[in-house]
Ligand code: SD4
């Protein structure tokens, strides 16, 4: 992506996520969803963006033991935060242009409580700091130094998050300092996870090191409640991966949950979410977005801009990597 365009695209447009004319066109989806209500709900269930099978396995273990969906999503995404071979999440995440690894994460529970950290450095598990923000403070978002100080006060340890591999890649990158995204390759491995526990309660979490070689101080969609993640226990949950600026512009996850509230299936809602983004990008297709959603019945859906995005799903029926249809058929 061109740097100027990248900066230009980073505005917030929270208003008007759902307009009246759009609501009137949902009758087919509502019928479809009403039929589904008669089916037995799938629970427990855990899903996450991309093929992070170790994360869903951990999350499933928590759910099977009778744990809450909140514990399941936190424990699940921590697997990726700790995995240094995942170079876009937690420890081992790629740095910004100044060489600093800065992490974004959020978590949301069945009661609509949420916590978030942005631009957090030196702490390997931002999702757990986000949970502490939710549970131990009257606030929702802590940023940068304040978030880091809070983490130490809560007992988190200081760690160097750069690895030999990411340090070397950064040194190499500096030779050209070219900022561009390569669809599905460079930095699209954010983990967003949604789960429903045995009680039927939904929770979600999302964690990332953001776009590699981003401008220092840049925050993406992943820790922004409503953009990278949203949960409403009456309806369902949604999460996103990909170029966060585009997800923020449409308040993507909130939009998808609201579309499901109006009767759309998770699949249709994700498709509509991507279409909204593409309407704002008539001249541009050089980026990937993947949405994943679940409704109260435990039905899931996903959709993306370019082929390549999949999601992992774990239920009593099995543990599978689910391929996702895309807006464009070829990259
Ligand atoms: C961001 N959405 O910071 C994240 C990046 C991402 O897979 O999803 N990477 O914009």
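Just so you know, glycine gets a Cβ as well, placed from its N, Cα and C.
Features of the protein shown, as given by TrEMBL:
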ACT_SITE  190  active site, nucleophile
BINDING   218, 219, 220, 221, 241, 242, 243, 244  substrate binding site
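Location within the structure of each feature annotated in TrEMBL.
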{"residue": "190", "record": "active site, nucleophile", "Cβ within 10 Å": "32"}
{"residue": "218", "record": "substrate binding site", "Cβ within 10 Å": "20"}
{"residue": "219", "record": "substrate binding site", "Cβ within 10 Å": "20"}
{"residue": "220", "record": "substrate binding site", "Cβ within 10 Å": "26"}
{"residue": "221", "record": "substrate binding site", "Cβ within 10 Å": "32"}
{"residue": "241", "record": "substrate binding site", "Cβ within 10 Å": "29"}
{"residue": "242", "record": "substrate binding site", "Cβ within 10 Å": "30"}
{"residue": "243", "record": "substrate binding site", "Cβ within 10 Å": "25"}
{"residue": "244", "record": "substrate binding site", "Cβ within 10 Å": "28"}
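Taken over all pairs of the listed substrate-binding residues (218, 219, 220, 221, 241, 242, 243, 244), the Cα spread reaches a maximum of 16 Å, rounded to the nearest whole number. Each residue contributes its Cα atom, and for residue 243 (substrate binding site) and residue 190 (active site, nucleophile) those atoms are 10 Å apart. Comparing the Cα of residue 190 (active site, nucleophile) with the Cα of every entry in 218, 219, 220, 221, 241, these being the binding-site residues, the smallest distance points to 241.
A helical conformation is recorded for residue 244 (substrate binding site) in the three-state DSSP classification.
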